[in-house]
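According to TrEMBL, the features are:
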{"type": "BINDING", "residues": "CYS52, ASP54, HIS105, CYS108", "note": "Zn(2+) binding site"}
Amino acid sequence: MTLSMTPDDVLALLKEGNRRFLSDEPMTVQGSRMSRLRMAAAQHPIAAYLSCSDSRVTPELLFGRGLGELFIVRNAGNSLCSTAIGSLEFAVTALGVPLIVVMGHENCGAVRAAVSVVKEHYGFSANINKVLQPLYPAIMEVGDDCQHDLVNTAARHNVQRVVRELQEEASPALRRPQELGTLKVVGAFYELGSGEVEWLDL
Ligand SMILES: [Zn+2]
């Protein structure tokens, strides 16, 4: 399926899926016994995601996609750790995925926790600190005029930083397909209350 789809084709499908989610249309997604059997031999996802582990932010549901369609990397705060980079590289180079979506969301608990470390020197365990650390630069770059909405502004900045890294420097293996136009990396921000996904303009 991905062989014939351009990045923009996939993006249009995802936008349409979120429109259906927003209008509460019933989901008709792949998941039947026949489709499971077809997929058992190989997967052909149409897009890869780097998104937050938050239980309210489930890409398949938000975009109306079914089994075998989205290759998803999730961690708290959707940050670009080395395993995330490697997993996204695998999706592109081994599975031929034409689109990577980096998705943050409103009221992100991981970003809120990272803000409490940066602003109030709050302490977490060493393992949690490892997850939060990549979020600090996005928090530091929020200007004084946006401090009233620091968590959401930093979450957006984090998405933009990750997209830029994936576009420019994080992975040589991802640069060539982007130069050829066979891969796009885009940023998105999910509003918990409305269910709407905003596509971030970099
Ligand atoms: Zn989150």
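Any Cβ shown, glycine's included, is placed from N, Cα and C.
Around the Cβ of CYS108 (Zn(2+) binding site), a 10 Å sphere holds 26 further Cβ atoms from the protein chains shown. There are 24 other Cβ atoms within 10 Å of the Cβ belonging to HIS105 (Zn(2+) binding site). Sequence-ordered, the extra residues of this chain that approach the Zn(2+) site, with Cβ no more than 8 Å from the Cβ center of CYS52, ASP54, HIS105, CYS108, are SER51, SER53, ARG56, VAL57, ALA76, GLY77, ASN78, GLY104, GLU106, ASN107, GLY109, ALA110, VAL111, ALA155, TYR190.
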